[in-house]
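Enquirer: Feature table excerpt (TrEMBL):
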DISULFID  C113-C137  disulfide bond
DOMAIN    2-146  domain 'FZ'
DOMAIN    208-393  domain 'G-protein coupled receptors family 2 profile 2'
TRANSMEM  213-235  transmembrane segment
TRANSMEM  247-267  transmembrane segment
TRANSMEM  297-325  transmembrane segment
TRANSMEM  337-359  transmembrane segment
TRANSMEM  365-384  transmembrane segment
Amino acid sequence: MHVVTVCQSATAWPSLEYKGPVCSSTGSPVEVGRIHYGGWIIRKEARLVFMDSSPVNVTCYAPLIPLFGSNPEPFHPMVNLQCSPDLRMFLCAIYAPVCTEYGRMTSPCRRLCLQAKSDCYQLMDMFGVSWPEEMDCNRFPDCDEPYPRPVDLLSSSDTAESPISVQRDYGFWCPRELKIEPELGYSFMEVRDCSPPCPNMYFTREELTFARYFIGVVSIVCLSATLFTFLTFLIDVSRFRYPERPIIFYAVCYMMVSLVFFLGFLLEDRVSCNAASPGRFRASTVTQGSHNKVCTLLFMVLYFFTMAGSVWWVILTITWFLAAVPKWGSEAIEKKALLFHACAWGVPGVLTVTLLAMNKIEGDSVSGVCFVGLYNLTALRWFLLAPLGLDVV
């Protein structure tokens, strides 16, 4: 066994997990919790630190874990969501410090700590994680040299050779806070039993508030206009014959769409998101599937009438064409009304039932509604972009 104390590459950061027994400094197996960094193994004790099968002979020393806390689990979401390019190196400096030639440990610079803390502050606040007091940046030396130095990343056998950048892709690892019960059938970024966090990490709180109120105001305006159109039609149904009648059905469709968005504005994220459970280490996550009945109902109404409205727009253009070019009369066009209704209501109905069967419903934390294709690109392409693209063509 060769014992080393350096992290090979900043890209070789990975999943944190329990791997079973490891060897102590005397060679005897000890059952301890440990951290697995894509090949490096770090014990949560002060005496023995790293193991690797590579033929490297470097003196080891104790990590800074006793000084700065022994549990890196609160940092899992921040590491995997890459809130800061400096966070991985900083944590590596804490849990896997580079040893000097004389057995002394190298501490990270204060600048590195402050930068990592500043970049990840909002994300840590979202997951309810506070910066540990043991890792107060004022405890680290005030220096500007990056950690670790390039020379620290080379073994004695590699000092004469030019360093080679090793790129490793470990894929997406779902943190514990985003784990979901397997029977619900959730998935996120092709990882099963995982759901995206409900608090949107791409926008500030002010931007989300503005977007929510903007959607609410627009939905009210749209609902008022389409409702006025529909009530006008009910007053005198005989006035609206073909080729104008599809306008009424088009207005009805978007009246329902605007109604759903208005309800989403009122409900905020109570339907589109699962409630957080701090006692079970669960963050608030996006609702998926049909287990939430209210979310399912919002999806059915919103998706069905969105697709139906696009089909009625196509039918409207067809009826206008028949009236303008071949000079069809209202009676002739009205004879095709059964076909128009079959297409306008039948196709969206089939698509809606298919999505329900495939369990592809997803909550939208911004608008508060449930729709399809927000996180699943395949569903977005085939059940939203493709139908709308055909309507345009």
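Cβ coordinates are placed from backbone N, Cα and C, and glycine is handled just like the others.
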Enquirer: C113, C137: which of these disulfide-bonded residues has the sparsest Cβ neighbourhood within 10 Å?
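Expert: Taking C113, C137 as the disulfide-bonded residues, the minimal 10 Å Cβ count falls on C137.
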Enquirer: Looking at 213-235, 297-325, 337-359, which one has the highest count of Cβ pairs under 8 angstroms to the transmembrane segment (247-267)?
Expert: 213-235
Enquirer: Mind looking up the mean pLDDT for the domain 'G-protein coupled receptors family 2 profile 2' (208-393) in the predicted model?
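Expert: Averaged over the domain 'G-protein coupled receptors family 2 profile 2' (208-393), the predicted model reaches a pLDDT of 94.
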